[in-house]
Amino acid sequence: MGSTQSVSGTPARPLPRNKQVARVADPRSPSAGIQRTPIQVESSPQPSLPAEQLNGLKQAQDPDPRSPTLGIARTPMKISGPDPQCSLVKELSEVLETEASESISSPELALPRETPLFYDLDLSSDPQLSPEDQLLPWSQAELDPKQVFTKEEAKQSAETIAASQNSDKPSRDPETPQSSGSKRSRRKANSKVLGRSPLTILQDDNSPGTLTLRQGKRPSALSENVKDLKEGVVLGTGRFLKAGGGAREPNQDHDKENQHFALLES
């Protein structure tokens, strides 16, 4: 049919190859195609420190080489020394000290002198006055008529209250304890309106404390029959029945339950 040596018209494709696996030494690894963040082996970048601090760190680390953290850089300690104070701080402290000294030295200037002192009054003008009159010569002249009026009203109200209390005293019994007149008057008014004491409410017809005629005991037929049986009753047949129940009707010989009781004829 054709020649034994046939050549394909299309070129053959190369074998598929993964780009991620191409750089892996062993492509059979289960995690060969997974890209990972490379581990940074190099030391972390340290901030650039001035030469003075570096020298101080070296001096601090040199005396004790047995420290377990000898190569680790630490925050340098603050060198203890006299810190120069700021000029503003000095000025403020001086101002505060001066203000405090002035306030302590002159306490009388801070207090206003509104009233004249005792030794400022001219007492030599009128030697006949007493010391109280000399201290307060204007006390009687400055009394207001309103204050006098209020004092009179207070006295009148006190007198009226005392009179009302005196009028209430005779109505009370000497043996009973004292109580306010308003409470007693209220109790009396309530008793008059009700017409009976509050305890009589419990003795009404509907209360369980009182016995009515319906609740009284009545003689029952059964109790009478029991009494008759104990004393002895003559039956219709003419026989005498005793309390022991020895005699009974001939038709009740077989009845053991009713041998102690007789039949009642209605």
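FYI, residue positions are counted from 1 along the chain as it appears here.
Using N, Cα and C of the backbone, Cβ positions are placed for all residues, glycine too.
Marked as region 'Disordered' by Swiss-Prot: 1-84 (among others).
Residue environment of S29 (phosphoserine) contains 11 other Cβ atoms, counted within 10 Å of its Cβ in all protein chains. What Swiss-Prot records for S29 (among others) is phosphoserine, and it gives a large-scale study or a structure entry as the kind of evidence.
In sequence order, no residues are near S31 (phosphoserine), counting only same-chain partners six or more apart with C-beta under 8 A. The annotation phosphoserine is assigned in Swiss-Prot to S31 (among others) on the grounds of similarity to another entry.
Among the features that Swiss-Prot reports, compositional bias 'Polar residues' is placed at 32-46 (among others).
The feature phosphothreonine is assigned by Swiss-Prot to T37 (among others), with similarity to another entry given as support.
The phosphoserine annotation in Swiss-Prot covers S44 (among others), and the record cites similarity to another entry as its basis.
The phosphoserine annotation in Swiss-Prot covers S67 (among others) and is backed by a large-scale study or a structure entry.
Residues or ranges marked as phosphothreonine by Swiss-Prot on the basis of similarity to another entry: T75 (among others).
For 90-119, the entry in Swiss-Prot reads region 'F-box-like'.
Cβ neighbour count for S93 (phosphoserine) (all protein chains, 10 Å cutoff from its Cβ): 11. Look at Swiss-Prot and you will find S93 (among others) tagged as phosphoserine.
Feature annotation from Swiss-Prot assigns region 'Disordered' to 120-225 (among others).
Per Swiss-Prot, compositional bias 'Basic and acidic residues' is recorded for 143-156 (among others).
The annotation compositional bias 'Polar residues' is assigned in Swiss-Prot to 157-168 (among others).
Residues annotated as phosphoserine in Swiss-Prot: S197 (among others).
According to Swiss-Prot, the feature phosphothreonine maps to T200 (among others), an assignment based on similarity to another entry.
For 203-213 (among others), the entry in Swiss-Prot reads compositional bias 'Polar residues'.
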Assigned element (helix, strand, coil) containing S29 (phosphoserine), judged by DSSP = coil
Do you know the mean pLDDT across the region 'F-box-like' (90-119)?
-> 69
